[in-house]
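Working notes, beginning with the structure itself.
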Amino acid sequence: LAGLIVYLGMMVGAVLLGGLADKLGRKQCLIISLAINAAFAFLSSFVQGYGFFLFCRLISGLGIGGTLPIVFAYFSEFLSREKRGEHLSWLCMFWMIGGIYASAMAWSIIPHYGWGFSMGTKYHFHSWRVFVLVCALPCIASLVALKFMPESPRFLLEIGKHDEAWMILKQVHDTNMRAKGEPERVFTVSYIKTPKQVDEFIEIQSSTGTWYQRWLVRITTTLKQVWDNVLYCLTAQYRMNTLMLAVVWFTMALSYYGLIVWFPDMIRYFQDEAYESRVKIFDEEEVSHFTFNFTLENQIHRNGEYRKDKFIGMKFKEVRFEDSLFEECYFEDVRSSETFFENCTIISTVFYNTDLYEHKFINCRLINSTFMEEKEGCHIDFEEDNDFLIYLVSFLGSLSVLPGNIISALLMDKIGRIKMIGGSMLISAVCCFFLFFGNSESAMIGWQCLFCGASIAAWNALDVITVELYPTDKRATAFGILNGLCKFGAILGNSIFSSFVGITKVVPILLASSALVGGGLLALRLPETREQVLM
């Protein structure tokens, strides 16, 4: 849920903030998006309630979703036609770098449970909160750097601010000429696009009445303009391209994000199976006057009798007591993980400063037993033996797209966007079929890396063709709509694929490969934009 809630925020943010970027400007809306993400990511690191934490992640996702359509529209409007595909592909590589940064930080921070601190019994700041905080730092750095960046000259021309656009283009020209060793070259303009006329009625209304009436008019007008842009993407001129792109974005997201969640879940499933196969079972043991002060792990105790035993300063990890008797025992400073007592009889036993809460006693009879000063908050400070593998999988999954990123950047302007999308999606579909042979952790890791490496070229080409198929005043809106649909596909993929873990591999593999084949074949019908000048 913590992951899905971010995708939900991204879905809304992509449409809303992407649409606003076509009206308020790329730079301004990018700053707003980054600020929302940074503020609520930072806040989510400190909140203690789960509900408020989810709310912060939702709003943080809103900001993340907003940055994606804006940054591609913004960057594309500074690029020349000859190198646009290549440089947009290099931009896509920073999604990979962000993934490597996040997985490396998770690996190096989260297992260090001692990095946290507590203030009383109510406030706990554990190592995973440090990780959330560290993940917000690049966003804050980007926010500061963006203050020194210019607005998109194409957007300025679109709203009639010719002087500002001219100054920015001159700066770009002079910088490029100095790099080429031709600083004497003079910047000249041969043609200026005629600005659109602003609706006079709107301007009159927004300059009258009280301040909140003026703001209300501006907000409602802006939202109406955003909605008009959304509808414009479905007019006869763009309808077919929008619908085909929507299907390609959706099928790509459904399969990719579904499998990205499915891979670690399957690896964890294999780990759990191996762990359960090593369980130790104790039947009808009788223990009395013994002190347990060491960790009990991966054990099942059945029909045992424990009399006048002490359990002090110890840990239970994956331990079950079934149909057992505890009489005049004493538990103190006990911590537990996945530990339960089922159908047990507990007589005259004291539980002092433990986390053995009521829900851990299933159908048990407690007679004259006392619970004193139960532990509050989270006290787990030990990690699973194979936890590092989950971080390794995430790290390798992010790193594996590096070859695909480089190849797609170098070939994007040579072989074209359409062949890149279709070819990448069809190769990814073939990779899916080999998942039938992934019956171990190492095999799943290998196929995940191959799938991620093969599919990244399609993502890069899809980003490039989306910004090139729409005019400047509709570009961020269209990208936002399609990216929002992509996140809807991600939510569906996450939900559907994870539900089949441990049940069957057939449905996730067939669903992913079918979606990729269908989307890849449809992508071949899109118009090629390699030689197209941005509208």
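Cβ coordinates come from backbone N, Cα and C, glycine included.
Note: TrEMBL annotation is automatic and uncurated.
The feature domain 'Major facilitator superfamily (MFS) profile' is assigned by TrEMBL to 1-530.
The transmembrane segment annotation in TrEMBL covers 6-22 (among others). Long-range neighbours of the transmembrane segment (6-22) within the same chain, counting only residues 6 or more positions beyond its ends whose Cβ lies under 8 Å from a Cβ of the stretch, are 29-30, 32-33, 36, 57-70, 73-74, 155, 222, 226-227, 229-230, 257, 472-477, 479-481, 483-488, 490-491, 494.
The annotation transmembrane segment is assigned in TrEMBL to 29-46 (among others). A Cβ distance under 8 Å defines the sequence-distant neighbours of the transmembrane segment (29-46), meaning residues of its chain 6+ beyond its ends; these are 13, 17, 20-21, 53, 56-57, 59-60, 62-67, 70-71, 74, 125, 129-130, 132-133, 135-136, 139-140, 142-143, 146-147, 476.
Tertiary neighbourhood of the transmembrane segment (52-76): same-chain residues 1-2, 5-14, 16-18, 21, 26-27, 29-30, 32-38, 40-41, 43-44, 84, 87-88, 91, 152, 463, 466-468, 475-477, 479-480, 483-484, 487, 534, selected by CB-CB distance under 8 Å and a gap of 6+ residues from either end. According to TrEMBL, the transmembrane segment annotation covers 52-76 (among others).
Annotated transmembrane segment per TrEMBL: 88-110 (among others), in sequence order.
Taken from TrEMBL, the feature transmembrane segment applies to 130-149 (among others).
According to TrEMBL, the feature transmembrane segment maps to 243-263 (among others).
Among the features that TrEMBL reports, transmembrane segment is placed at 388-411 (among others).
Summarising the annotation, TrEMBL assigns transmembrane segment to 418-438 (among others).
If you look up TrEMBL, you'll see 444-465 (among others) marked as transmembrane segment.
What TrEMBL records for 477-500 (among others) is transmembrane segment. Residues 3-4, 7-8, 10-12, 14-19, 21-22, 65-66, 68-69, 72-73, 226, 229-230, 232-233, 238, 242, 245-246, 249-259, 261-262, 265, 466-467, 469-470, 507-508, 511-512 of the same chain lie 6 or more positions beyond the ends of the transmembrane segment (477-500) yet place their CB under 8 Å from a CB of it.
Per TrEMBL, transmembrane segment is recorded for 506-526 (among others).
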- Could you tell me what the rest of the chain brings near the transmembrane segment (130-149), counting residues at least six beyond its ends with Cβ under 8 Å? 27, 30-31, 34-35, 37-38, 41-42, 44-45, 98, 101-102, 105-106, 109-110, 115-116
- Six or more residues out from either end of the transmembrane segment (506-526), which same-chain residues have a Cβ under 8 Å from its Cβ atoms? 241, 244-245, 247-248, 250-252, 254-255, 258-259, 262, 417-419, 421-426, 428-430, 432-433, 435-436, 455, 458, 462, 465, 469, 496-497, 500
- Message: Please report, as numbers and ranges, the same-chain residues at least 6 past the borders of the transmembrane segment (243-263) whose CB is under 8 Å from any CB of it.
- Response: 3, 7, 393, 397, 421, 425, 428, 432, 444-445, 448, 451-452, 455, 458-459, 462, 465-466, 469, 481-483, 485-490, 492-494, 496-498, 500-501, 508, 511-513, 515-516, 518-519, 522-523, 525-526
- Query: Other than its close neighbours in sequence, what residues sit by the transmembrane segment (418-438), given a CB gap under 8 Å and a spacing of at least six beyond its ends?
  - Reply: 248, 251-252, 255-256, 259, 266, 404, 408, 411-412, 444, 446-447, 450-451, 454-458, 460-462, 465, 505, 509, 512-514, 516-517, 519-521, 523-524, 526-528
